[in-house]
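Asks: Starting off with a structure, shown below.
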2 protein chains.
Amino acid sequence: MPEPTPLDLPEGHPFGPHNLPYGVFSLPSSQGEPLRRVGVRLGDRVLDAGAAAHALGSPYASLLAQPTLNPLLAAGRQTWRDVRRALTAWVTVPAHREVVEPLLHPLSAVELHLPFEVADYVDFYASEHHATNLGRMFRPDGEALLPNWKHLPVGYHGRAGTVVVSGTDVIRPSGQRKAPSDAAPGFGPSAKLDIEAEVGFVVGTPSAMGSPVPLSSFRDHVFGLCLLNDWSARDIQPWEYVPLGPHVAKSFATSVSAWITPLEALESARVQLPARDVPVLPYLDDSDEDEPGGYDLRITVTLNGDVISEPPYATMYWSPAQMLAHMTVGGASLRTGDLYGSGTVSGPQTHQRGSLIELTWNGSTPLELPSGKRTFLEDGDEVTLTAWAPGPDGVRVGLGEVTGRVVSG
Amino acid sequence: MPEPTPLDLPEGHPFGPHNLPYGVFSLPSSQGEPLRRVGVRLGDRVLDAGAAAHALGSPYASLLAQPTLNPLLAAGRQTWRDVRRALTAWVTVPAHREVVEPLLHPLSAVELHLPFEVADYVDFYASEHHATNLGRMFRPDGEALLPNWKHLPVGYHGRAGTVVVSGTDVIRPSGQRKAPSDAAPGFGPSAKLDIEAEVGFVVGTPSAMGSPVPLSSFRDHVFGLCLLNDWSARDIQPWEYVPLGPHVAKSFATSVSAWITPLEALESARVQLPARDVPVLPYLDDSDEDEPGGYDLRITVTLNGDVISEPPYATMYWSPAQMLAHMTVGGASLRTGDLYGSGTVSGPQTHQRGSLIELTWNGSTPLELPSGKRTFLEDGDEVTLTAWAPGPDGVRVGLGEVTGRVVSG
């Protein structure tokens with residue numbers, strides 16, 4: 001039997017001391033609103049990070065004894081490194097065990113909250129396979145990719161106020177839809193409610209208006225990442241989206257995982273992007289960057305417990321650094337808490353598609369699942385995204401799951 | 001000579017006691033960051049509202065002694081009414097004069113700040129004349145209006161983090177652009193920087209996810225309005241905007257006036273919307289509403305002091321209540337501080353167009369101004385929107401101006 005790690009962590013646990021993602025939790029309270037505070041996940045427990053910092057006389061006690069991650073996010077990259085180094089020591093140095101152990105709460109005993117206050121939310125469309133699939137479906141006689149797609153990471157602003165934490169029910173939206181054959185639009189609950197399996201990037205360090213963020217500054221600004229499900233009403237979008245993009249079809253709910261994985265935990269997961277076949281403008285050209293731009297994140301999507309897809313993030317065409325550079329190239333500033341999504345992650349294989357519209361080819365080839373046949377989501381359906389990435393020494397880095405159940409509107 | 005009003009306001013001043021818009025100001029400070037506090041404009045002076053409330057023993061002292069309007073916005077319609085009634089008494093009842101007079105600061109002596117923290121920002125496209133003009137320019141062989149335009153108020157999310165207060169310089173954005181004849185996109189400062197003269201609506205009372213806000217609840221949620229200039233790069237947008245809408249072309253800056261006019265000050269400005277020639281779905285049908293949905297706001301746009309346009313808000317096709325109902329119909333919640341813009345206000349006449357792309361027909365017919373010839377904006381150009389609305393007894397209600405100067409990037 002291997003030596004147990006300090007704090008009795010099973011060897012090789014994907015949420016071991018090599019990971020240490022951040023979240024916000026509360027304990028049940030008999031009086032008033034329970035106190036929210038920063039937590040760090042360790043195995044299947046949550047460390048009360050502010051309390052640990054206080055008990056161990058750390059200078060980060062006030063940064064961590066907060067109801068959101070925003071103060072930590074705003075503190076900048078050197079502090080992110082220093083806090084992570086301190087946390088690693090607290091959970092691995094045996095001398096701290098007596099202090100730390102009582103500050104670890106079982107996941108089952110805590111409530112997890114939206115970990116940060118979302119400033120702006122931008123969603124991209126960075127998977128070539130996803131964009132190609134949608135192009136083939138909706139423009140069967142034209143080029144699958146639109147002319148701009150390989151020149152810039154296409155993206156648009158979404159609704160920050162409806163970003164919700166994993167576990168929040170998703171209320172089926174209603175809206176207008178009109179098939180080309182209909183004389184006038186109709187109204188009702190969406191009959192094509194879908195998921196989009198994505199990765200979200202969380203901005204820490206702000207930037208000034210008029211100062212684009214170059215590729216090389218990506219990790220000075222982006223603190224970490226999360227899993228993200230951008231729920232979408234496929235029947236509302238085609239009618240509303242010309243000429244200014246999606247609105248009601250995508251503004252009702254976006255779910256994020258309760259845990260934000262710091263980029264520092266994902267060093268072993270960095271991979272080269274797929275080969276680029278169209279030259280890009282200098283602000284997006286990462287061929288001279290020292291470090292690879294991609295991340296090898298292996299996502300699994302389950303519907304009512306059945307695996308329906310395994311999208312590989314490593315196949316994305318545009319890197320998170322490129323998305324950030326494009327988002328700011330016109331001079332838009334960044335704020336602490338800005339969130340940007342990758343867009344649906346779809347790989348080249350059919351079982352790697354990150355949305356039901358792709359998996360069922362717009363409903364024409366239903367999924368035959370043990371739990372039943374599905375084209376789009378039915379009331380009561382529960383969708384869960386999980387993921388892991390290669391970590392140091394062959395261990396996995398677990399990403400926090402994002403789950404949501406559809407309820408009728 | 002007419003009797004002077006209390007506090008020596010000139011008779012009929014557009015910022016008289018019938019108006020009382022709210023903003024946030026600071027006085028110069030010799031030490032540290034100057035204190036921001038809520039101000040109410042009266043003539044050409046600003047009342048320190050929190051200090052007045054405190055001095056007069058009002059229960060609203062803590063609500064008004066704040067660095068943003070958000071607490072007042074969140075307090076709800078009954079409180080908005082009560083605070084307005086109290087303010088009206090403070091500035092009109094002679095007995096209060098001794099207390100109030102010293103708390104009035106000349107506008108020239110204060111700095112005005114962004115009056116509220118913007119939550120989400122949505123921009124609409126609600127002028128039929130504007131949408132028709134753009135359709136004629138870019139789809140000369142097709143229908144000017146797209147098929148959805150008269151069925152729903154088209155809108156999209158913009159960047160909340162780059163909403164700035166009047167007076168803030170606007171840095172010319174750079175970005176990708178590609179003319180159809182170009183083999184590949186180029187990059188550089190926008191050569192078609194433009195304005196969009198709009199009206200912005202400020203949400204006070206929040207709403208829950210999954211609970212659409214009906215037309216009849218518009219004034220329970222929307223506190224007031226402001227002038228808004230949605231700066232736009234016309235050469236960046238055509239290349240980037242398919243299929244998900246504008247991004248870099250419109251995310252670099254949106255200017256709002258420093259003063260938020262409460263809807264209560266605009267009762268005399270309410271007018272019927274233009275006749276509707278296409279029936280709408282029930283959630284947008286205001287034919288049974290008790291009160292007219294439009295506002296008679298007379299906007300003037302100046303460029304370096306020369307009047308270039310006089311857009312009439314009364315000609316808008318979609319009302320602010322309809323935009324709100326559509327924005328929430330899919331279940332999107334509202335937060336205090338949500339801002340939504342009307343889209344460019346353009347009337348039926350050529351001198352009523354609210355953007356340079358319309359006024360110069362995409363640069364083909366330059367404006368000949370005393371200050372020079374113009375197609376799009378040049379560095380150093382200053383654009384100012386002002387407006388007024390009919391008030392009680394023939395007096396005007398002034399809206400706060402929004403001004404911005406273009407500087408090179």
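Don't overthink the numbers, they just go from 1 along the chain as shown.
A Cβ is built for glycine as well, from the same backbone N, Cα and C atoms used for every other residue.
So TrEMBL says this about it:
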DOMAIN    B:18-115  domain 'Fumarylacetoacetase N-terminal'
DOMAIN    B:122-407  domain 'Fumarylacetoacetase-like C-terminal'
BINDING   B:Asp123, B:Glu196, B:Glu198, B:Asp230  Ca(2+) binding site
BINDING   B:Tyr125, B:Arg139, B:Gln237, B:Tyr241, B:Thr344  substrate binding site
ACT_SITE  B:His130  active site, proton acceptor
BINDING   B:Asp230, B:Lys250, B:Thr254  Mg(2+) binding site
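Each of the listed features needs to be described in terms of its position in the shown structure.
Replies: Restricting the average to the domain 'Fumarylacetoacetase-like C-terminal' (B:122-407) gives a pLDDT of 97.
Within the same chain, residues at least 6 positions away in sequence whose Cβ sits under 8 Å from that of B:Glu198 (Ca(2+) binding site) are B:Asp123, B:Leu227, B:Leu228, B:Asn229, B:Asp230, B:Gly341, B:Ser342, B:Gly343, B:Thr344, B:Val345, B:Gly354. The DSSP secondary structure for B:Glu198 (Ca(2+) binding site) is strand.
Around B:Gln237 (substrate binding site), taking its Cβ as the centre, 22 other Cβ atoms fall within 10 Å, counting all chains.
Residue density at B:His130 (active site, proton acceptor): 28 other Cβ atoms are found within 10 A of its Cβ, drawing on all protein chains shown.
Reduced to three states, the DSSP call for B:Lys250 (Mg(2+) binding site) is helix. Summarising the environment of B:Lys250 (Mg(2+) binding site), the number of other Cβ atoms within 10 Å of its Cβ, over all protein chains shown, is 28.
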Asks: Which ones, of the recorded positions B:His130, B:Glu196, B:Lys250, B:Thr254, have a Cα no more than 10 Å from the Cα of B:Gln237 (substrate binding site)?
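Replies: So the list reads B:Lys250.
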Asks: Taking only same-chain residues 6+ apart in sequence, whose CB is under 8 Å from that of B:Glu196 (Ca(2+) binding site), what do you get?
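Replies: Looking at Cβ-Cβ distances below 8 Å from B:Glu196 (Ca(2+) binding site), excluding near sequence neighbours, one finds B:Asn229, B:Asp230, B:Trp231, B:Ser232, B:Gly343, B:Thr344, B:Gly354, B:Ser355.
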Asks: When DSSP states are folded down to helix, strand and coil, where does B:His130 (active site, proton acceptor) land?
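Replies: In three-state terms, B:His130 (active site, proton acceptor) counts as helix.
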Asks: To the nearest Å, how far is the Cα of B:Arg139 (substrate binding site) from the Cα of B:His130 (active site, proton acceptor)?
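Replies: B:Arg139 (substrate binding site) to B:His130 (active site, proton acceptor), Cα-Cα distance: 14 Å.
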Asks: Around B:Tyr241 (substrate binding site), which residues of its chain at least 6 apart sit with Cβ under 8 Å of its Cβ?
Replies: B:His247, B:Ala249
Asks: Quick one: largest C-alpha distance among B:Tyr125, B:Arg139, B:Gln237, B:Tyr241, B:Thr344, binding substrate per the record, in angstrom?
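Replies: The two farthest binding residues have Cα atoms 19 Å apart.
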Asks: Quick one: what's DSSP say for B:Gln237 (substrate binding site), helix, strand or coil?
Replies: helix
Asks: At the level of the C-alpha atoms, what whole-angstrom distance separates B:Tyr125 (substrate binding site) and B:Lys250 (Mg(2+) binding site)?
Replies: 14
Asks: Quick one: of the binding-site residues B:Tyr125, B:Glu196, B:Glu198, B:Tyr241, B:Thr344, which have a CB under 8 A from chain A's CB atoms?
Replies: B:Tyr125, B:Tyr241
Asks: Could you tell me which of these binding-site residues, B:Tyr125, B:Thr344, has the fewest other Cβ atoms within 10 Å of its Cβ?
Replies: B:Tyr125
